[in-house]
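Here is what TrEMBL says about this protein:
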BINDING   A:Asp85, A:Asp87  Mn(2+) binding site
BINDING   A:Asp85, A:Val86, A:Asp87  UDP-N-acetyl-alpha-D-galactosamine binding site
ACT_SITE  A:Glu177  active site, nucleophile
Amino acid sequence: MIFLELFLQTAEKHFMVGHRVTYYVFTDRPADVPRVPLAEGRQLVVLEVRNYARWQDVSMHRMEMISNFSRQRFLREVDYLVCVDVDMKFSDHVGVEILSPLFGTLHPGFYRAAREGFTYERRPRSQAYILREEGDFYYAGGFFGGSVVEVLQLTTACHQAMVVDWANAIEAVCHDESHLNRYLLYHKPTKVLSPEYLWDERMLQRPPFLRKLRYVAVPKNHTEIRN
Amino acid sequence: MATLQKTGRIGPLRMSVENWLPFSYVPYYLPCPEIFNIKLQYKGEKPFQPVTWSLYPQPKLLEQGPTELLTLTPWLAPIVSEGTFDPELLQHIYQPLNLTIGVTVFAVGKYTQFIKHFLESAEQFFMQGYRVRYYVFTNDPAAVPRVPLGPGRGLSTIPIQKHSCWEEISMCRMETISQHIAKTAHREVDYLFCLNVDMVFRNPWGPETLGDLVAAIHPGYYAVPRQQFPYERRHVSTAFVADGEGDFYYGGAVFGGRVARVYEFTRGCHMAILADKANGIMAAWQEESHLNRRFLLHKPSKVLSPEYLWDDRKPQPPSLKLIRFSTLDKATGWLRS
């Protein structure tokens, strides 16, 4: 929740400025949602959901939640859906150039790596399994989206894959991100965002080709937050 | 959206064509086909299908491709040329979609002599492995040769009127195509390409060309600054393009896309042509001028490099690796074979 205020403030400055935006905030503590002034045509909707003991479960249940709410509401309320992590802030323009029926973002840690080095799920028992000879890019779980129809399909498929995995007592190595990568390998995105759209300044040295950092990680104490 | 009265009404009319050009008419009776108000039921949107498993080299973010040409327009439309795509991978993606690709060609008067070569080369190179429907518009159906077509590929001959001069023929193509889509094509095909008949395919033309709205760069102007594009420069024409404007000069011999988008596109061009007619003006390059004006304002979602529309009289530059569709060298080519 501590990240939400900064996320919203920076989104107001940089994200889809001039367009109609609805922020859907999934939280187990609706009362704690900060009041951030929003520009004309922009609104915030709080969706109350349950919390999970493990942070991995929180992350993985995102697919389920997005898929459910897409069916119930998003299809009727918005044209495009952008699914992003909250522990981030916008630092430069993110606009309509990202819109497309289905888009993924290149994970900043793997844009140079050979596909054998991608942290795909490598155990054949998992629904997220990808062979060493396969793979286009390693997509980040923290920034994907598209038309509501496509996002619904993606999140439903990922959730179903996770349910099968849970039944087989296996959890993909990078959780929902592994399932996202499996999906985008077989349902190729119509647009791919460069690592400008998801960066972590503390963990990575900024390469010369990265002319802008648009959406960056906010420094945090992992252990503190994940418990 | 243009609003035309259903019955021709004599009297001054205020009309705006596609929202971008309001002007008033001197009394003029315009033909108003019913199709202007029909709501079409298209063949059906296909949801994304999963790609079947296939092996291919990993795309690398930091590697520049082998192509010397620009690969993306400023509005993020891909510019297709050899080296920018993997034909096998695309085949894996598109084949399962069971698409039908339509092609319109106009062969009026002496132009019927080109049909044979066009079709034979299309049978060899155009959309191999897909369902294809050729629509041949001609004033002389008897002159359409019997060319053997592969499985899943068919031809329809549509009779049209012959006009006195070729400019007229060229100008009424937009109307004819849009009417044909409304009547027939919208039910039969998913994508539609509108091609000139006096051309041949020389190399594969495949699903890399499919897109919502597709234009091709004219071979004569791809290296030329926009001020020298042969746009219509008279303000009174609806095809007018100002000096500082223009992305590419697109060729009138190749355009296409999803059948719904082609319908809108040809209808829009036709309305603009009608408006010019009412004002007694014909654009410098007829249809091609209107096509260029329209593509400026309704940007194509995909652009084909001059590989897909070449002029055989020009020497092939090193930057173009593969000529796929080009003018039949009228002086010698067809005579020889």
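Each residue, glycine too, has its Cβ placed from N, Cα and C.
Each of the recorded positions A:Asp85, A:Glu177 was ranked by the number of other C-beta atoms within 10 Å, and first place falls to A:Glu177. Across the structure, A:Asp87 (Mn(2+) binding site) and A:Glu177 (active site, nucleophile) are spaced 16 Å apart at their Cα atoms.
Excluding the listed site residues A:Asp85, A:Val86, A:Asp87, the same chain places A:Phe3, A:Phe7, A:Val84, A:Met88, A:Gly142, A:Val218 with Cβ atoms within 8 Å of the centre of the UDP-N-acetyl-alpha-D-galactosamine site Cβ atoms.
Taking only the Cα positions, the spacing between A:Asp85 (Mn(2+) binding site) and A:Glu177 (active site, nucleophile) is 12 angstrom.
Taken residue by residue with DSSP, A:Asp87 (Mn(2+) binding site) is part of neither helix nor strand, so it is coil. A:Glu177 (active site, nucleophile) and A:Val86 (UDP-N-acetyl-alpha-D-galactosamine binding site) have their C-alpha atoms 15 Å apart, to the nearest angstrom.
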